[in-house]
Structure formats: C-alpha cells, structure tokens
Amino acid sequence: MATDMSQGELIHPKALPLIVGAQLIHADKLGEKADDSTMPIRRAVNSTRETPPKSKLAEGEEEKPEPDGSSEESISTVEEPENETPPAPSREAEQPKGEPESGEKEESKSAEETKKEEKDQSKEKEKKVKKTIPAWATLSASQLARAQKQTPMASSPRPKMDAILTEAIKACFQKSGASVVAIRKYIIHKYPSLDLERRGYLLKQALKRELNRGVIKQVKGKGASGSFVVVQKSKTPQKSKNRKKGSAVDPEPQVKLEDVLPLAFTRLCEPKEASYSLIRKYVSQYYPKLRVDIRPQLLKNALQRAVERGQLEQITGKGASGTFQLKKSGEKPLLGGSLMEYAILSAIAAMNEPKTCSTTALKKYVLENHPGTNSNYQMHLLKKTLQKCEKNGWLEQISGKGFSGTFQLCFPYYPSPGVLFPKKVSDGSEDEDEEEDEEESSEDSEDEEPPPKRSLQKKTPAKPQGKTASMKQRGAKPARKVPAAQRGKVRPLPKKAPPKAKTPARKGRPAPSAVKKPSGSTSKKPVANARKEAKLPGKGKSAMKKKSFKTKK
C-alpha cells in the first residue's frame, strides 16, 4: 500500500505538466480555428462547451492515475480532437434550425398583421353597411320604430332636439299650451331612438335652451314643468326680405337628386307588377270614391276585364287573385281610360317591389327632367349622390362597379297618384271642377224653376179679388162719363190710364144695366161717384166738391 501511494504521489505530479501542455496545444489549435471562422460568437460557445470534458478528464486522471506518461499523452491527444470535431457540425446544424424559426416568426407576424387588416376592413364595411332611414321611405309606425331601434343613434337622420321640441309643442298644442307630459309622450312615440325614458335630461336641456333663445314661452308652471307655447315671429321683416328678393331675379329652386332618385326608380323600373292585395290597399287609400272596401267585386271585375283585353298579364294565380303585370305599347301603358283603370295603373306602378334601375336610364332621366346648368356637372352630382346613398344604406348596387350597373332601393317607396302622374291628376281635377260646376248650375236652374209654381199657387186664391176690382172698375168707369161738363177740364187722366183699348168691351156691358135700372137709382150714383173721385188728384177733388155742393143745393 505504501509503494502504491508513493508511486501515485510520483506519477501525479508528472502527469500535471503533460496535461497542461496538452491544454496549451489545444488552445493554440482553437485560436487558429477561430481566426479562420468568420463568426465571433463561436469562441465563447466553444470555450464554455470545451471546458467540461477537460475537467472530466482531470477528475478521471485523478481518480484513475496511470503509470505511463506517454500513454497518457497519446490518450489525451487522441481523445481531445475526437471530442472537439463533432460539436462543429452540431453548431452549424443549429444555425439553419434557428433560421427557419425566425422565418416562422416572421410568417406568423405577417399573418397576424393581415388578420388585423382584415378585421379593420370588416369594421369599416360594417360602418358602411349601417343603414339610416331616408325621409322618402314609406313605413308603417311599427316598421319605423323597429328600423329606428336597429339604426345607431349617431347615424340616425332625425332632426336636432330643439327642432323636435318645437315640433312636439305644435303637435300637442291646446288652448292652454302644450304640457310637458304630452310633449314627452309625443317624442317617445315618434323618436324612440332618443330613448327619452332613460335620458330625460335631454328634454330639460332643450326646454331651457329654447326659453333662453325666446323661441318658446312658458305659459304655466316653472322650470321643466307646466305648459309651453311656440312664439310666433313677426311678419314685417319677412315681407321686407321678400321684397328685396323680389327685386332681384328669382333663381329656380334647385332640387336635390337624393329626393329625385326614388321617383325616378318607380317610373323607370321594368317590368311593373303587383299583387291583388297591394292594388286593393292602394286604391282604397287614394281613391275613396270607388269604395273598393265595400264593393271589392268592382275591382275584381276590372282586373279580369283588363286581362281579357290584353292590357294586363296575370303572372300568378287565377281569376282576380295573384300578381298582375302592366303591358306597354312603346313607353305608354295600354291600361287607362276610366277612373278604375287609371287607379289600377297607378297602384301597380307605385306598389311594384323591388324597385331597380340601371345607371344609363338614370342618366337619361336626370338630363331630361333635371338638366341643370351644366350636364357634365349634373352627371358628377348624380355619381356622388349614388355613392352617398349607397353608404347610408338607401341604395344597393346589384351589378356592375362604380358609376355603372344596376341599383336597387333598400326601403319601400309608395308615392301617391299626384306625385306619380301630376298632369293626369291636374286634368282630372279640372274635369271634376267642370262637372261640379255643371251640377251646381243644373241644381240652380232646378231651384229657380219652382218659384213660378209658388206664385201661381199664390195667385189662384187672389183671382176673386181681381174680379171684384175689375167689377168696381167697370162700375166706376161709366160713372166717370156721366158728368158732361167735366170732360173738357179733366184731360190729364187719360194719359195716366193708357189701357183704353180694352175699355170698349167693358163699356158695352154696363150700358144695359143703366137702361134697366129705374130713375130712382140716380140718387145713389152721386154718393158712389163722390167716394171714388176722392182718389183723384187735388184739382179733381176740389172740382168734385163744388159739383157736389151744387147738386145738394
């Protein structure tokens, strides 16, 4: 054991210089390799990774010392290059592995960026798709409330709160003004998107604002309670403004193409067709004189008659039910003539859904009906309005791109006959006025005819009075002839009584009575003559009085 320990002690110090020399040789080789390579990072990696095997070798040598130094040198020199060579390819293999990882990261980043861009685009599209309700849309109360709830508050096309307040006050106005309760109910019912039940402060702020401006006046109560009235503006400044405007040349009011488009779509849409229920609804609403609700058979008979004549085509259904389509000869429809046929024509044209139109037809319509000052500028405005309406959700482009293709109305639009065919309605109103005038004139003539009947009825009982008067005249006329001295004096009387031609027939009758009567009747004649001559003028009366005195004497 002692010999072993001594040998171990002698061998161990000898092995140390050999190991140190091997390390130095190895370090020189590593320096040469590092100079040859272009990557500076490998030095640190090699130094860190090469140290552990040397320590292991040292430990192994300490644990298992060998007697031969040459063998140790050979082993160390052989084992070290074997351990050194394999790490190089592993590092080189690690580098290409790192490169695909970085590529994968870049690809993932690019994919995330594309996803974000797609999300942004989708959000922008959603913002564009959000619909607002146009002013021309004909919706029922339930449809309007539903649409207003669906549309966002910011993009809803309602007026400002001040305008809504004045509108509500005018609508709810009574003798004592419009109460706040009635105003609140009106706004909640008509503008549900305001959500005034939760946000009551909007009404209070609007009331305060309008009171300060002097637009409204508080009749009763204080603060945000009581009754309010809209202050009427004086008309004098308006008159002066109108005079100033009248002095200058009045330019034609420019019509917005936004308001023109729905009517253009209804007129230009082809083919025009509508169901029986829609036709009946329209006719009963705008033509109450026809009484379609009470007498639906009239409408059914008119539809069947139009189909038989070839003025309409029945696409679906049988009899008077189903869908009917208008037929045209050129641009004019075949249907027309009577009031019922005209009502059916306007109903089918108005209730046709969906309403579509091409851009070429729209251009032609705008240039013909709304040419403006410059046609090119008008086409530019049409393009801009189409884009605006498409963003607002009023129109939808079915085919084509940009300023070409076909567009469709997204909301229903049912115009009245006066808007659809204003010329025909004006002609019809003139005809109706003429008919009414004729009826009134006939009624007046009928009213004028009965009065003569009444006069006759009144005259018939008065006939005996006339007879008595004639008898008195007959009795009076011969009495006038009796005094012979008076004929020369009383000459103006025949001028006042021209009907002397009739007297001869009447004069002949009393003559026999005078002959028949005895002489005793002469005493009665002067009394009668005195009574009747009292009716004569003053001169005659005085003369008659003198004669009466003479006769008495």
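Our numbering is plain: 1 for the first residue shown, then up by one each step along the chain.
Each residue, glycine too, has its Cβ placed from N, Cα and C.
Keep in mind the model is a prediction, meaning the values are calculated, not measured.
What Swiss-Prot lists as compositional bias 'Acidic residues' is 60-71 (among others).
The annotation compositional bias 'Acidic residues' is assigned in Swiss-Prot to 428-449 (among others).
On the 0 to 100 pLDDT scale, the model's mean across the domain 'H15 1' (157-232) is 85. What Swiss-Prot records for 157-232 is domain 'H15 1', and it gives sequence analysis as the kind of evidence.
Break the domain 'H15 2' (253-328) down by DSSP state and the numbers are 40 helix, 13 strand, 23 coil. The feature domain 'H15 2' is assigned by Swiss-Prot to 253-328.
The domain 'H15 3' feature in Swiss-Prot is assigned to 335-411.
What Swiss-Prot records for A2 is N-acetylalanine, and it gives similarity to another entry as the kind of evidence.
The feature phosphoserine is assigned by Swiss-Prot to S6 (among others).
Annotated phosphothreonine per Swiss-Prot: T51 (among others), in sequence order.
Annotation comment: Swiss-Prot describes T85 (among others) as phosphothreonine, evidence class a large-scale study or a structure entry.
What Swiss-Prot lists as phosphoserine is S142 (among others), and the listing cites similarity to another entry. Around the Cβ of S142 (phosphoserine), a 10 Å sphere holds 8 further Cβ atoms from the protein chains shown.
The phosphoserine annotation in Swiss-Prot covers S155 (among others).
Swiss-Prot lists S156 (among others) with the feature phosphoserine, giving similarity to another entry as the kind of evidence.
Long-range Cβ neighbours of K190 (N6-acetyllysine) (same chain, at least 6 residues apart, Cβ-Cβ under 8 Å): A168. Secondary structure at K190 (N6-acetyllysine), as computed by DSSP, is helix. Marked as N6-acetyllysine by Swiss-Prot on the basis of similarity to another entry: K190.
Residues or ranges marked as phosphoserine in Swiss-Prot (evidence: similarity to another entry): S247 (among others).
The phosphoserine feature in Swiss-Prot is assigned to S441 (among others).
Look at Swiss-Prot and you will find S442 (among others) tagged as phosphoserine.
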